[in-house]
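Okay, so here's the structure we're looking at.
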């Protein structure tokens, strides 16, 4: 009981000093009655840090953390940082997560409401998390033009801590993150620490042991994906995030993605060569068949010509067949590998796999390419082979366009194209009602109608053809003279205009609604979407890189990721850079590597504008503190004057009227103004 009494007395003294109980005298804190009252009030187990956070007192929070206040949970299983996030107090949260000594402990707190402080800050307080990122960047205490000047990136406050489960008990544990090795990037002598963008091997082993699952793999890049999910462009564009993505790109991203692109380009070459040879083989086949029919009357002549032709084209025909069979084997092998990959993606993504339209394009490509090459194995030609070949060629080149969207310079245009395509499809689905309406009207007016079946317009002879012709007319292909004017004046031709008045009336309405109104609406929507895509270009570019690395880490084995991942890097900006490799040179010249070193250094090194902004912020903070101190002193002096009944010299008046008794005379009631107004009124009369 004595220990509880001493603990409560100490906390009451702290709370009284911090201003939580201003009405209670300091002497009354130590009485047993007050201790009992405090015990009842503290039944919810709120510590002084909880109270300071609820009152949004950043100075008190910093003082409590410096004094060694414990980071505990109340009976609602909420810590102080949980209350700061719940009540949206950025000052209180900033004081805790940027504290010099206790910031790591605060970021390691976990509760049922906020299992991860890092993810909660990204979702609700991005500015606070940006300050945490700024605090993680430290620079050498020397001149910036010195060769020993370095920039160190520490991610200690960014890693989502593990929530350990051992049986039925949930243990909150702040693990000490081990120091990693100094592994520089290949093109720069830089050192970064990526511990808090990814879990270390010790943390993953501990989580596997706690979950009793030796094959458990944590969700890759959960912090970066949270930034993408909440649209935090400023956090993704931060140097800390940029260097982390750059490390991923240099470690394994560029190798796997370029290998995938090269592998697909080989498949595309085989598809193109096969379709070219297919058309040549069909021409030879039709020519031979036609010659056989023509020379049935003269068998001897046909045999001599056939032998000569076979001798001339034997070599070229043999080479083309070898090339076709080689392309067939390559296409079937590629489809088999891709089917295994797609099955793995279905197992991982489940229903999300069906939502992605690019997967539908891939499956159509696999099916059409298989139908294209199967007749070659059976050694005969069919009409379905040529139809499948046309679809395969189109989809294969379109798939190449989709693969290029992962690269920075060309990818943003592909993303813009797909966004506009999606918008246009939505609009056309709505206004397809007008296309059907006009198509059916033109079908009735211009097809074979009447007892004599007049009309005979081939473009409107059937309902599907009429709809296609109406859609073409919407794009500007009206053919007004040939379709409407000549049949109206020249009745001797086969093409007639059976109902001229309704036809011209419907045509006039069509000209106003479709080519003018609808097309301008579509153009306006397209231009508006382009502007919105340009505004969000930075987020889209970074999101594509995050998606790329996330998909790769889900598919790659954990052993390989542990070997290629780097934990920390240190950058020496003033040292001479290493020469770029051949692969990096090609990427920068052709695809424009999304992570240029110069851009990264510009983000890190402070410019004059950033320096001025930081200094102005410091001055504002100092002025705010000075004004607060002056206000407190003014209040204190006023209370002293009232208590001691002190009168100032301004209250004493030697002679004349007291300043408080003076009456302000209106300006317009003075004798001089009245005289001027009287003169002006007499002049007007």
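Each Cβ is built from the backbone N, Cα and C atoms, and glycine gets one as well.
Among the residue ranges 303-321, 322-340, 341-359, the one that TrEMBL annotates as transmembrane segment is 322-340. Of all ranges given (216-239, 456-479, 480-503, 504-527), TrEMBL attaches the label transmembrane segment to 504-527.
For the ranges 384-404, 531-551, 552-572, 573-593, the feature annotated in TrEMBL as transmembrane segment maps to 384-404. In TrEMBL, the feature transmembrane segment is placed on 360-378, out of the ranges 284-302, 360-378, 607-625, 626-644. Looking at 255-277, 646-668, the stretch flagged in TrEMBL as transmembrane segment turns out to be 255-277. Same-chain residues lying 6+ beyond the ends of the transmembrane segment (384-404) with a Cβ under 8 Å from its Cβ atoms: 260-261, 264-265, 267-268, 271-272, 274-275, 278, 282, 358, 361-362, 364-365, 368-369, 371-372, 375-376, 410-411, 414, 417.
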